[in-house]
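Quick look at what Swiss-Prot lists:
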type     : residues : note
SIGNAL   : 1-26     : signal peptide
DISULFID : 29-34    : disulfide bond
DISULFID : 65-111   : disulfide bond
CARBOHYD : 74       : N-linked glycosylation site
DISULFID : 75-82    : disulfide bond
DISULFID : 123-155  : disulfide bond
DISULFID : 135-144  : disulfide bond
């Protein structure tokens, strides 16, 4: 059941949040150029989570996930072992199958924990956001992120756990961590 849910939510993210609907039918990590034509420079997952723009998470994100779930009924995800294809240019990172799969998995996590994300948004202040974002400079300084958050937040304990998991289990595993291609 857990595997089905993982595939289902990967399909959900495939269809909507990332705008990569053609990936749903891809049989390998060799994605054709047309898949990426017209793709926004930053996906929602990148904009709000990877860059820690927590206070800008849209209020209707739950509604967006509900719509994505409906769309996912017509999409079968193809989970493949994507090899690394590190792209030095930020614009070309979507040609790296491992990065695309990372974003899909991160989107699954975010969609599966929306209540915690919204709780985090409710206690995040502009000052806290600025403090944690100061720890991102071509790479994540994981200890700085955790320290800045722990020193400057008024968030409930469950939100603290969510932020720590997001940083330790997701941001720390960004395939573009430290490559210089992980920021606009």
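Keep in mind that glycine also has a Cβ here, set from the backbone N, Cα and C atoms.
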Surrounding CB atoms that lie within 10 Å of the CB of residue 135 (disulfide bond), all protein chains: 20
For residue 155 (disulfide bond), nearby residues of its own chain (Cβ under 8 Å, 6 or more apart in sequence): 119, 120, 123, 124, 163
Residue 135 (disulfide bond) to residue 111 (disulfide bond) - Cα separation in whole Å: 25
Three-state secondary structure, residue 144 (disulfide bond) (per DSSP): helix
For residue 123 (disulfide bond), the number of other Cβ atoms found within 10 Å of its own Cβ: 16
